[in-house]
Structure formats: structure tokens, C-alpha cells
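Peer 1: Let me begin by handing over the structure; questions about it come next.
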Amino acid sequence: MNEQHAQSDRPPTVRPMDFLLVTGLSGAGLQTAAKVLEDLGWYVADNLPPELISRMVDLSLESDSRLERLAVVIDVRSRLFTGDLGWVLTELESKPVHTRVLYLDASDEVLVRRFEQVRRSHPLSGGGAEGTLSEGIAAERDQLAKVKAAADLVIDTSSLAAHQLRQKIEDAFGDAENRTMQVTVQSFGFKYGLPMDADLVCDVRFLPNPHWIPELRPHTGQSADVRDYVLSQDGAEDYLATYHHLLDLTITGYRREGKRYMTIAVGCTGGKHRSVAMSEALAGRLGKDSGLNVRVVHRDLGRE
């Protein structure tokens with residue numbers, strides 16, 4: 001008993017804040033990495049001077065709304081960045097943070113092509129004079145050699161598309177919750193207009209309308225009687241199965257391209273009976289996929 005009491009009086013263990021330093025070669029995908037980390041729930045500070053990193057970590061730890069994950073993107077755009085971050089990492093060792101370094105790399109050939117495609121000069125190319133792009137890349141690569149050697153993870157983006165880089169970053173710095181896809185199944189009535197935010201729209205007006213059955217008319221598609229009536233109609237279950245298969249293919253493709261949010265609109269005439277029942281049934285099928293976070297919204301329910 002005394003031992004249990006002593007344990008309960010101990011202060012709760014505070015989980016160290018995750019701190020990620022993101023750096024690498026210009027044109028290797030630093031901005032893409034920043035956007036992915038933001039989508040994963042990281043607080044991202046872009047191009048922060050190295051001298052301010054330690055102070056920002058302190059402020060993040062002292063804040064009432066303490067950050068759990070902080071990422072700082074730093075590159076040669078900062079005039080104070082000499083490529084030596086050893087002293088910054090040493091300062092962070094005394095703080096309750098779990099520090100990692102991500103370095104993005106790419107081949108000279110790919111970097112030259114990327115800069116030429118966007119028609120921008122390299123930050124170290126001396127103003128973009130002709131013949132200095134390769135020199136700028138070489139100078140930056142030499143300047144960042146120590147950082148690359150100290151990195152916890154080096155990703156070469158030479159042969160990676162944006163969605164492939166996203167996947168690598170998600171695998172390394174995401175968690176199970178943030179890797180799930182957010183799917184909204186929204187019922188609606190066509191007479192009130194199409195949902196503006198829908199990625200896909202399906203029309204279930206081919207099913208008999210419960211509105212014309214007096215005992216069902218007052219109820220909605222959420223009631224057992226209306227639901228059973230709608231789902232028992234010829235073609236209803238086949239339609240759900242076929243559309244679910246189509247969504248499986250679509251969701252797989254969306255995931256591959258890095259899309260993390262999706263809205264599926266299911267419409268009938270007034271958004272009260274058929275679309276509500278079919279939305280609930282479709283969401284139930286989608287909800288069996290552990291990689292999806294599914295919610296149902298009935299946009300026009302109660303408008304009549």
C-alpha cells in the first residue's frame with residue numbers, strides 16, 4: 001500500500017519534445033518536406049537563423065500549449081548558416097528534446113535540371129551569371145558536408161516524385177494516426193445543389209423513393225424502417241458493393257499521390273431518405289479499413 005501511494009505521488013513523466021532539423025541542398029525538396037511535416041502535425045519554422053533555434057526550443061517548452069513536435073527548416077538562404085550545426089546540436093543536448101536531423105540530397109544533374117525548369121538561380125551562384133549554376137551547387141554541397149555526415153536520415157530525392165518523398169517522410173516522422181486518410185461521406189439533396197467540396201458524387205435516385213410510402217415519409221434514412229426498405233431494393237446492395245470496390249481503387253491511388261482528405265457525396269432528391277441510408281451503409285463498409293478515419297455528414301437532413 002505504501003509503495004503504491006509513493007508511486008502515485010511521483011510527478012508524471014513528461015515526454016521529450018520531438019525536434020527535427022531539416023536541411024539539405026537547394027532544389028532537393030526542402031519545401032516539399034516542410035509541407036509534409038505540417039500535414040503530419042509538426043509545427044514547422046522555415047529558414048530560422050541557427051542562433052535562434054535554441055531559443056525557439058526553449059519558448060516551445062515553456063509555452064502553456066507545449067509543442068510536441070517542432071521542425072526547423074534551414075538552408076543557405078540564411079546568411080548566418082555556414083554549414084556547421086554541431087554547436088546547435090550540442091546546445092540541444094541539455095534540453096528535454098529528442099533531436100534528429102533530416103538531410104535532403106540530390107545529384108548535380110538533377111539539381112541543374114530542376115533549377116533550369118523553374119528558371120531560378122542558385123543561392124550561391126553569384127547572382128545567376130551564366131555558367132555559375134554548377135559552381136553554386138558544388139559550393140553548397142561542400143558547405144553542407146558536415147551537416148550531411150551528422151544527419152540521422154539522408155534522403156536522396158534524385159529519382160523521387162513528390163508523392164514518393166512524402167511517403168518516405170511519413171514513414172520516418174509520422175505516426176499511425178496521421179497516416180490515416182480522412183474520409184467524409186456526405187448525404188445531400190440534389191434540389192439543394194451539389195456539395196462544393198465533394199471529390200466524388202454518386203446519385204442514388206435510381207432507387208424507389210420512400211417519400212411515396214405514407215408510413216415511411218415522416219422518417220429519415222437513419223431509421224431502421226427506412227434503411228431496411230432502401231437497402232432491400234433491387235440493385236441497392238450490388239451498387240454498394242460495386243461503388244465500394246471503385247472507392248478502394250480510388251483511395252489507393254489517392255494515398256499513392258499523397259492525398260489525405262476525401263469527401264464522397266451521395267445524393268437523392270431531398271437528402272432525407274435514400275442518400276442518408278446509403279451514406280450510412282457505405283460508411284460502414286469503408287470503416288472496416290483501419291487506414292481510414294470515416295465520418296458521416298447529412299447536409300440536408302431536417303431542411304424539409
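Quick reminder: no glycine exception, Cβ is built from N, Cα and C everywhere.
Pulled from Swiss-Prot, these are the listed features:
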BINDING   G24, L25, S26, G27, A28, G29, L30, Q31  ATP binding site
BINDING   D75, V76, R77, S78  GTP binding site
Peer 1: An 8 Å radius from the center of the G24, L25, S26, G27, A28, G29, L30, Q31 Cβ atoms defines the neighbourhood of the ATP site; name the other residues of that chain inside it, in order.
Peer 2: D75, L104, A106, T157
Peer 1: Let me know the most crowded of the binding-site residues, choosing from G24, G27, G29 and counting other Cβ atoms within 10 Å.
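Peer 2: Of G24, G27, G29, the one with the most crowded Cβ is G24.
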Peer 1: Write down the Cα-Cα distance for V76 (GTP binding site) and L25 (ATP binding site), rounded and given in Å.
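Peer 2: Between the Cα atoms of L25 (ATP binding site) and V76 (GTP binding site), the distance comes to 8 Å.
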Peer 1: At 10 angstroms around each C-beta, which of the binding-site residues L25, A28, V76 has the fewest other C-beta atoms nearby?
Peer 2: V76
Peer 1: Sequence gap of 6 or more, C-beta under 8 Å: which same-chain residues meet both conditions with respect to L30 (ATP binding site)?
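Peer 2: Result: V22, T23, G24, V73, D75, L104.
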Peer 1: Out of these binding-site residues, S26, Q31, which one has the fewest other C-beta atoms within 10 Å of its own C-beta?
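Peer 2: Least crowded of the binding-site residues S26, Q31, by Cβ count within 10 Å, is Q31.
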Peer 1: Helix, strand or coil at G24 (ATP binding site), per DSSP?
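Peer 2: For G24 (ATP binding site) - judged by DSSP and reduced to three states - the answer is strand.
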